[in-house]
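So that you can see what the record holds, here are the features copied from Swiss-Prot:
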- Glu123: active site, proton acceptor (ACT_SITE)
- 129-372: domain 'Radical SAM core' (DOMAIN)
- Cys136-Cys377: disulfide bond (DISULFID)
- Cys143, Cys147, Cys150: [4Fe-4S] cluster binding site (BINDING)
- Gly198, Glu199, Ser232, Ser255, Leu256, His257, Asn334: S-adenosyl-L-methionine binding site (BINDING)
- Cys377: active site, S-methylcysteine intermediate (ACT_SITE)
Amino acid sequence: MNDQPETGITPGGTSGAFRDVLSKDHARRGKPPLHFADMSEEERIGKAKELGLPKFRVKQLANHYYGHFDVNAEEFSDFPAARRSDAAEAFFPELIHEVTRQVADGGTTIKTLWRLFDGSLIESVLMRYPTRTTLCISSQVGCGMGCPFCATGQLGLTRNMSAGEIVEQVRVAAKAMRDGEVAGGSGRLSNIVFMGMGEPMGNYKSVLSAVRQISSMPPEGFGISARNITVSTVGVVPGIRKLAEEGIPVRLAVSLHAPSDELRDELVPMNKRFNTKQVLDAAHDYYLASKRRVSIEYALMRGINDQAEHAKLLAKRLNHYGDDWAHVNPIPLNPIEGSKWTASKPEDERRFLEILHNAGITATLRDTRGQDIDGACGQLAAKERD
């Protein structure tokens, strides 16, 4: 496996040109410590052999990690006492360290700021609902997509995250739910959305490895159904097509935000590389391959993309491909510090939804959890609080 951070795709220069980010460039400034979640089975067995441990100990470690969310030596009760610390240090180096934890919505929304091995900061958001618990996770440090209304997009891309760094966000949240650390008592982490910091398709190899580990049953993974995992993208077409070939029934979410190329060029710089037709073609092909409805994410911005003409054009573009293949999630824009972009008027939000519904498009206005702790969509900026 050895899924250490690979290359990504990021805007380059002021002309809108794009380039691949090489591993020696700023997207990979150093490798995190190799973690159990980064290793192939052969690498795990090899590491165990170096420690003088028999092969069957690897399966025991997998059961501890994926089945019980344990990484601490004292929890390895089935290991010889003298070997527990060695095993924990070799297989489970600390990849993410909690810096701050902010709580909102009566304790049912928790935003955590994490420090990585190199001092980089990322965030994840855990949201408990009556019938499910969703974790929004990061896949890159920062983001190179440059969307002007998104706090993460203003950071630029520092580097890709390893599979281990991604998976650890899930393990810690799953353990917190099991241990009753979230308001509502003990429960189960049920849904994962790759909608935190970063463009998941720009870190494809690590994200795919994480998806496999999240969705596989213990002791190979956490056992969260692939159907409850959402992978988002601003429209990196090669990534969408590659994901369709994997045969993993995750939901695809496309951050469209505009129905025309003229407007989307301004809101989503990646549109200069992959235009709306290319993105929607790929998204529809993903629907055909996966039999999963695609989510179309659409941040509503006052006077920019929230008028009747925009809703009508969006409906026309989606209906071009047929019925019931996409579900639109209009999202009230979440404010970010110093931004000129503001949320739509409630009456414009209602009219936008009504037009989509009348055109036969399924659409649901997105619940904006964690806005008061800058934990909602587009607000993750990984800042330490004063």
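Using N, Cα and C of the backbone, Cβ positions are placed for all residues, glycine too.
Taking the features listed in Swiss-Prot, we show where each one sits on the structure.
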residue	record	Cβ neighbours (10 Å)
Glu123	active site, proton acceptor	25
Cys136	disulfide bond	27
Cys147	[4Fe-4S] cluster binding site	22
Cys150	[4Fe-4S] cluster binding site	28
Glu199	S-adenosyl-L-methionine binding site	30
Ser232	S-adenosyl-L-methionine binding site	22
Ser255	S-adenosyl-L-methionine binding site	26
Leu256	S-adenosyl-L-methionine binding site	28
His257	S-adenosyl-L-methionine binding site	26
Asn334	S-adenosyl-L-methionine binding site	23
Spatial separation of His257 (S-adenosyl-L-methionine binding site) from Cys136 (disulfide bond) - C-alpha basis, Å: 20
Cα separation, Cys147 ([4Fe-4S] cluster binding site) to His257 (S-adenosyl-L-methionine binding site) (Å, whole number): 10
In three-state DSSP terms, the structure that Asn334 (S-adenosyl-L-methionine binding site) belongs to: coil
Most Cβ neighbours inside 10 Å, all chains, among the binding-site residues Cys143, Gly198: Gly198
Predicted model, mean pLDDT over the domain 'Radical SAM core' (129-372): 95
Candidate nearest Glu199 (S-adenosyl-L-methionine binding site) in space, where candidates are the recorded positions Glu123, Cys143, Cys147, Cys150 and distance is Cα-Cα: Cys143
Distance [Cα-Cα, Å, rounded] between Ser255 (S-adenosyl-L-methionine binding site) and Cys147 ([4Fe-4S] cluster binding site): 10
